[in-house]
Amino acid sequence: MLGAVEGPRWKQAEDIRDIYDFRDVLGTGAFSEVILAEDKRTQKLVAIKCIAKEALEGKEGSMENEIAVLHKIKHPNIVALDDIYESGGHLYLIMQLVSGGELFDRIVEKGFYTERDASRLIFQVLDAVKYLHDLGIVHRDLKPENLLYYSLDEDSKIMISDFGLSKMEDPGSVLSTACGTPGYVAPEVLAQKPYSKAVDCWSIGVIAYILLCGYPPFYDENDAKLFEQILKAEYEFDSPYWDDISDSAKDFIRHLMEKDPEKRFTCEQALQHPWIAGDTALDKNIHQSVSEQIKKNFAKSKWKQAFNATAVVRHMRKLQLGTSQEGQGQTASHGELLTPVAGGPAAGCCCRDCCVEPGTELSPTLPHQL
């Protein structure tokens with residue numbers, strides 16, 4: 001049974017709609033629905049993950065782990081869990097609403113984008129992940145899709161979401177479960193070896209690589225061949241895409257995408273690298289090259305995974321401008337439905353923590369030479 005999680009117990013409510021005004025369905029997960037809602041007391045907009053308790057049977061451990069992790073976290077660059085309610089046969093996780101859209105979308109929309117912009121983004125990610133690591137938490141699924149902008153403001157901060165695969169390290173225990181997203185997972189995970197916080201640092205290196213060229217360091221249609229590349233840590237800084245990128249940026253990436261986890265930079269070491277802490281990140285506009293590669297390698301496939309993130313951002317703009325009229329165009333459900341793909345995660349507006357998906361397990365097809 002759910003309940004044996006760290007942190008305060010959740011609150012009881014006879015009817016959650018007495019507390020929150022349910023607006024729109026933002027997305028549907030494996031056993032949850034995500035609702036854009038307004039707190040009737042404060043008029044604050046939130047994202048509510050609505051979970052049928054009967055659907056959690058056999059999955060209680062995963063849910064308890066996620067809640068326990070979220071209860072421990074309070075960082076300006078990490079999506080927050082505000083409250084938990086139990087009402088009827090449902091559990092309601094009240095999450096901070098993140099309304100600025102996804103990382104890739106914002107980069108593509110920009111007209112000007114530089115190494116320095118990428119450096120500032122990675123600084124925020126490193127600072128947040130260092131905070132997690134200091135608490136003994138390993139995220140285990142860091143990737144661009146889990147980096148969301150807090151608001152529509154031009155200088156909005158970035159937020160880390162989706163703690164469905166995160167794990168708190170227990171003293172004396174080792175992490176060994178193969179999980180994560182192919183393409184971002186560290187070699188030691190694929191090699192089915194015990195691993196540590198260093199897996200997150202590898203993933204940050206992969207993200208930094210993509211932010212500077214627009215394509216992934218490892219790619220193959222065949223998972224086994226993809227895993228072979230990752231196991232060997234075989235990646236290149238291809239010409240012409242990397243010709244205008246500084247040597248400092250490449251050095252930074254090499255230290256994070258180091259095959260040996262013992263030699264790999266920690267978050268603390270990465271934060272001290274000149275590309276982050278110094279003045280070596282270049283100010284040359286690389287937007288055209290990077291955005292073209294993002295659109296070619298990521299955007300379309302990503303946007304097809306869920307409903308159009310642009311529609312959600314547009315909806316949020318209307319809400320912020322006060323032009324959204326309550327009751328107009330309502331359906332029998334929760335107002336204006338944004339029609340997510342069945343089973344797909346919510347995108348853009350809601351934090352991905354709200355979208356409980358099946359655990360992202362690696363393909364069982366691993367290369368033979370482990």
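Cβ atoms here come from the backbone N, Cα and C positions, even for glycine.
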Per Swiss-Prot, the candidate from T42, T177, T280 carrying the annotation phosphothreonine: T177
Of 71-111, 276-316, the range Swiss-Prot labels region 'Autoinhibitory domain': 276-316
Residue with minimal Cβ packing [other Cβ atoms within 10 Å] among the binding-site residues L26, V34: V34
For the binding-site residues T28, S32, the one whose C-beta sees the most other C-beta atoms within 10 angstroms: S32
